[in-house]
Every structure is written in structure tokens, then in C-alpha cells.
């Protein structure tokens, strides 16, 4: 295989989707991503032949994906491989059994599954790494940024104002947390300017555990967790951005409820990365589904056939997530367009053109006005975010001519003299645009674009320019933070006058010495570029500023984040495999995974099911990642390498799975495939007939009973020393449903327990014997109970009738006989009732050992 001319760095930014027990499949993908970035096993030869290195530097995750993403990011920051226990963590420990995910002994359960156990699982992996990094002084081995989403159950309510000045509230339960590990993170200081510093949030183990646990907290399955450990480090939370985090911590649950694919912060973070050579940026979306659902009504019949009720209801529940993902896709499309088609770049390529330069010089006044309006608009937008308020009244026209602003060049400023004075007078965004334009030119040269200008030492130049860009972004971040702090201190809000807003920004520019430090950065960057291409720095700046003026002189105010070029790749289970043994699964997609069954909880059922999904995660990841690394190679060669890597994975997993070799493991996959792709109800029934199925059904029923009878259904303080008092109805439900007799029962609850004994015993005996027959056994017991009651009523009616007849017969003997008969019946019933109420429930049958195979 031929290698590429220049060594290429493949930079992966990962977005992990949610999916409950599909986290096991994603864990397999995560494991293979980790092996690829470290060039381990078959990936070593692959990367060598492709002359490529692989870097994972940005990770975002939500729900179950947030958990896997956190584990991978911790490994990257520590410079270590993923723990060897990762497979055991998911395959062995993530079990739906009592003592693990099920807990039927909690004093006051808050959910069906045991959130404390899940927290311990996460902490056992995260804490050791965080402690080792802290012991080394906290310096990260590799730079990485992790984004984790969560959904708040409460918190501050944003406020809005309409055009009539009327106030209204709206909800915003989104939470986004960012963990950064970077030994060269640029920060700005007014005295020394932007400078590198060490930032490593991955030493905050409890915050990491809380974020991962919160994002994976599926509503109802796991209880929400407190946000307090995350607010201990104010830099972690990036949304909502509240002044000095003055809101109280709330409780957090599954991030996938509102944002199941957090793309936006990942794309924004791409612009913070420095480059030092040829590279290819890929945004990889790890999602355990094909993204295409079978339609209830065929497309050709949608205008003729009305969908059934269940399709309407289920479809409406999916619409919020459809909107969320569609919005993300639209944002990605816009970012891709911005990265590939920049009007500034096209103008820069056409310069120096005397006509264009002259036009730019004539448009400086219009440019100044546009930039003034843009600065006021951005400041108002920033102030709206922080107090959690939004002004929806129509903005008034800004009189740019009457404002004195420090972020636009003075009137009459020539394009070619921007570097001559002691200050950079063109503002932060113009400085960013100048450096970005130069960096894109160098990137084109590194990537082999023949039309790009030739430059000396392009790798070193790219590193210098990208470092300059991160310095400008650090200054911009400092300006943003200082603006918010000063506005809060001076009481300036989004409804302030244009003069007050301009004065606020001017004060921040002066306080942070923005123009002085920007001049140093831009002068250094343009000088490096000019020397490399053989021209003067003044000429370079003149070209770049001319392109800036021409593109923005009449542009509307907008936020223009820097977006480097990137490719979007989706990593899912619906991927073709060239390995002949896996060819039968080509069209199965996500249907081959146990995690897609039983409301996405299916893989939690058995260890074999989790091992099956873990293996498919590795195999599917290999098929995608080989194609990603060898994207420019012939398809036949790529298919051969995919088959080699997948076979190596099968051999690697064979020993752990107790198979003789990879071929034997493939045979086991085939046997499981027929079951997992069959009828969902039959799959569940066959599992429930196994020992493990009976144990799981009994455990789930016990946990559900415990939640219903001991759970707290009101808002409480979890730190309170005393457990909340149970409601009266919970005692009654416990008397009626609980398998074990409660210690204390009131007289009414004793009667309720005695009268429902046949139904209760039928329920629990069916769960232990054959859970698939619970409904049948309860129905039969209910019929027998109703027949017994009817017979009893008939018998009592007959006895009463006979007694009345005897009493009215007129004979004294018959009257006493009737009285004795009624008395005997009453005594008999009272005796039976007392014995029933005083009796102890029979001990439950011992549960069988939980063993099962797929």
C-alpha cells in the first residue's frame, strides 16, 4: 500500500448519542476508538501504512453517551488507555439483578433502579485516574475538551419582555458542562496579555462523576442528582451562563431529554485548536441507530391512509427530539458552508487588486457604521443571556455617527497603516478575521492545494498563526467576561441606551488593554506570514483588512464563530462488513443489538446480551474507522483491511467470551442473531422462562413494589436526617401487594391483605415459576375468587332464608333453632377471620440461581 506524501494527523471530535442499555454497544465503539488513537494491535500497522496519527481531542456526550464519553476523555487527559475493566464494567457489572442495578431494600427509593450503584460504577473508573493526574501536579498529558449535557428539574426561570413592556417567563432546563485539559490554554491578563497556562478540570473527580451520572440518569429509571459538585468550580458550567452562578444548585437528570446530540459546542471548540502540520478534522457522530425508522404507513399511501392511534401518540412523543436533531443538522450544514465558502477568503485571493483596494478605502465609513452597530448589538445580546432575560421589542435604529467607540477604526484610517500606531484600532473581530484568513491560506498549502501561495516552513507558520488565533480568542473571552461583570456592578442591562452600552464596552477595552495586546498579536502573526511568503506585513494586513471591509460594510449584525474545515461522519451499527462470516448481518442494522429491545433496556437483562452488543460495538467501529483512516485508498484495499481488523477483534474477544477462536465466536453471533432479530414478544418470553429471566422479573417486581410503597412522591431534602413519612395509601398497597408480610398492619390493612391473598400468592408464585403466565394465573385466581365470593353469598343467603322461614313458622323450637343456626354461622366466620388475621404468611419459595444463555 502506498503512503501519503506528508504525514497527516486525523483529528477526531466525537459526539456520543444516548440510548440506555445501548451504552454497551457504544462502550465497544469507545474501546476501539481508544485503541485507534493509541495505535494498538492491528491499528498500529494500519496507521503506519496510512502514514497517519489519530488524535481524539474533543468529546461530547449525552445520556448513556455522556458516560462513555467521560471515561474516554479521562483516559486521554491522563495519557493512559481506557481501563481494562471497561468491558467488565458494562458486561459484568451493568446487570439488572438484585444487588447491582436493582435494589429492593432502599429505605426511601426514588427510582426503579439503584442510582447509588451506578454512581459507584462510574467513580471506580474515574477517581483513580483523577488522583494519579493530581499526584503528577495536575498537568495533562494530552489536550482534550469534554462536553456533558444534563437536564435540570428546576432552576432560575428566564424572563422576557415584549414590545409593550410586558414581562413573561419561559422555561430553560438545558445544562451544559465543559471539562478542559490543556497544558497550553490561553488566558488573557490586562498586564501581560494573552499567555499559556495549565488548566486541567479532570482532577475534579467528584464533578466528573456527577456530570456523567447526571447525564446517564434516565428519568424514572435512576433518580436525579444534585448539581452542587459541578457548581463548586464555576468554570465548568457553560449553559446557562449566570453571573457568578448566583442561582442555587438544582437537581439533574438525563441530558438526552432536551439535547441528544450536542454538536454546537463541539464545532465551536474546534476553532480553539492549534495546528502544526497537515491534518484532517472529522466530526464523528456515534449513534446506535440507523436514523431511519420504518414508517407505519408506506410513503406512497400517506395521503390515503390515516395512521393508527398508537402511531400518532408515539410519533408525537418523538417530535421534540426530531426538532432537536434537525436543528443540530441545520447548524452543522451552516458551519460546513461557512468553513468551505468564505467571502473574505475569495476576496483575499483577488487582492491586491487596485480597483478592489480603492473600493475598500471608499467604504471604510460604511464599514465603521456597520461595525459600531454590530458591537452594540452583540453587547445587548450578551447582556440578555446573563440575567436570563430577553427583550423581544423591536430594536431602535442605532445612531452610529454619534457614538464614540474603541472597537472600530477612527475616521480616515488608511488600510495600509493598521500596524503603524501603538494600538490596534480595528477591534477584536477584525483581528480574528485577519489571522483566520492567513491561517486558511497556510492550511490550503499544507493540504496540497496547488492554488495556495507557496510559503517557507508551513508547519511552523501554521503553529504560529493558530497560536495567535487562540490568543485573540482568549482576549475576546476576557472582554466578554469583563463586560458581564462590569454590567452587573454598574447595573447596566440590555435595555440601556446605546450611549451606555458603548461606554460599557469602551471601559472594558481600556481596562483590559485590548487594543495594545491585539497589536502585539496581529503584528507578530502578519510578520511571520509575510516573511514566509516573501512580502511585507503592511501589505498582508492591507489585503486582509480590505477583504474584511468589502465583506462587512453592508452586512447585518451577526455572530461569526470561526469554523475550521471539517468532515462529518456517522458511526452506527448499520455498516457493511466485507468479512464473509459477518455478511449476513449487512441489513440488520440496530436490530442485531439486544439494546434496542424492551424500550432500550434489553441489554441489561443478561451478561451474554451485553457481551453480544459490546462485540458488535467493536466490529462496527472497526468497519467505520478503517474507512476513515484509509479514506483516499482503493475500495478493495480498504475492504481487505476492514476484514483483517475485524478478524483480529474476533480473535481478541474469543478468549474473554470462552470461545475457541474467532470462528467459534461468529457461530455464537449467528445463534444470537436469530433470536434478537425475531419477534420482540417471543424474545422476552423466551428470556423470562430461563432462571435468569425469572430472577430478573422477580427482582424488578420487588423493586417496583418497594418504590411504590416506600418511595417519596413529594419534594424533599435528601440531606434531611429523618426519612419522610409514608402516606396511608402506601401502607395499604404494601399490605395488598408485598410478598413479605409487613411488620405492622392496621385492622383494615389486615383485612385487605387477607382478602387479596389468593391474587398476591398467584402473582409472586407466577413470577418465580413462569413470569410469562402472570396474567393468566392472576385471571384464573380472580375468577376463582369471584366464584368463591358468589358461592359464599349464595350460601349465606340460603342460610338466612332458612332461618327466617323457621323463625316465622310459629313454633318456639323452630325459632330457637333459627337463632342457633345464625349464631353458629357468625361464630364460624369470626373465628375464621381471626385466625386469618393472626396467621403468618408462608415463606416464599427459594429463588433459583440466575443462569441463562442467549
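Note: Cβ is positioned from N, Cα and C throughout, glycine not excepted.
Just so it is clear, the model here is predicted, and its values are computed rather than measured.
Per TrEMBL, these features apply:
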type: ACT_SITE; residues: 63; note: active site, nucleophile
type: ACT_SITE; residues: 254; note: active site, proton acceptor
type: DOMAIN; residues: 14-267; note: domain 'PNPLA'
type: MOTIF; residues: 61-65; note: motif 'GXSXG'
type: TRANSMEM; residues: 12-29; note: transmembrane segment
type: TRANSMEM; residues: 782-807; note: transmembrane segment
type: TRANSMEM; residues: 813-834; note: transmembrane segment
| Cβ-Cβ under 8 Å with the motif 'GXSXG' (61-65): same-chain residues at least 6 beyond its ends | 14-23, 26, 146-149, 215-216, 218, 254-256, 259-262, 286
| What is the number of other Cβ atoms found within 10 Å of the Cβ of residue 254 (active site, proton acceptor)? | 26
| message | Between the residue listed as 'active site, nucleophile' and the residue listed as 'active site, proton acceptor', how many Å separate their Cα atoms? | response | 5
| request: Run through the Cβ atoms and count how many others sit within 10 Å of the one on residue 63 (active site, nucleophile). | output: 29
| Integer mean pLDDT for the domain 'PNPLA' (14-267) | 86
| field | Per DSSP, three-state class assigned to residue 254 (active site, proton acceptor) | value | coil
| note | In DSSP terms, the motif 'GXSXG' (61-65) comprises 2 helix, 1 strand, 2 coil
